Amino acid sequence: MILDENNLIIKEFKEAEAILHGHFVLSSGLHSDTYIQCAKIFENPSRAMKVCALLADKIKKELNSSIDLILSPAIGGIIVGYEIGRQLGIKTMFCERVNGKFELRRGFKIKKGEKILLIEDVITTGKSSLEAVKCVEGEGGKVIAEASLIKRNSETKLPFPVIPLIELNIKNYSEEELPSELKQLPITKPGSREYLTK
């Protein structure tokens, strides 16, 4: 059954042309031959609703704690966060970068002690997740888990439970580790966070 569900999810992503192949620099600065463009899923509202319903069901089954609110890091997590919030009937907001740090804006407030479910579209290294945690903790809230449509790598560990709709094992490379076939392809930087070389 899990294999059938995974195949269904992959089929939805392929039909949406959301799985791209080439040479990509991810928001993390890592390189990859595969990029998951979740925005393509959300071009079709019925597809978005269907995929998010699968994730909402998984959250209900796997999360053993009540949630006070859902928080999504902008920009990739906003739509999935709101759709999951709608399906689960949970208040939803997003944090956005101001001078490189996540902040709550637009009148959003987290009450002290509130239990937060982070929601992202794709988790690669977990860096933006940990940055969002700082935002939550700065407001007095507590992240109890994170959910995402895609977790790119099973080796990514975070200090709370992670509930991905599907976990893939897509290889990521540092600049020094690039295989020769990837070096020969032109680079695309499709992410929403600007990557600055040091």
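A Cβ is built for glycine as well, from the same backbone N, Cα and C atoms used for every other residue.
Record features, source TrEMBL:
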- 40-159: domain 'Phosphoribosyltransferase' (DOMAIN)
- Glu120, Asp121, Val122, Ile123, Thr124, Thr125, Gly126, Lys127, Ser128: 5-phospho-alpha-D-ribose 1-diphosphate binding site (BINDING)
- Thr124, Arg152: orotate binding site (BINDING)
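Shown here: features listed in TrEMBL, placed on the structure.
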| residue | record | Cβ within 10 Å |
| --- | --- | --- |
| Glu120 | 5-phospho-alpha-D-ribose 1-diphosphate binding site | 25 |
| Val122 | 5-phospho-alpha-D-ribose 1-diphosphate binding site | 23 |
| Thr124 | 5-phospho-alpha-D-ribose 1-diphosphate binding site | 23 |
| Gly126 | 5-phospho-alpha-D-ribose 1-diphosphate binding site | 19 |
| Ser128 | 5-phospho-alpha-D-ribose 1-diphosphate binding site | 25 |
| Arg152 | orotate binding site | 25 |
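Annotation note: Ser128 (5-phospho-alpha-D-ribose 1-diphosphate binding site) sits in a helical segment as assigned by DSSP. Classification of Glu120 (5-phospho-alpha-D-ribose 1-diphosphate binding site) by DSSP places it within a strand. The secondary structure of Arg152 (orotate binding site), as reduced to three states from DSSP, is coil rather than helix or strand.
Note on the domain 'Phosphoribosyltransferase' (40-159): DSSP counts are 45 helix, 35 strand, 40 coil.
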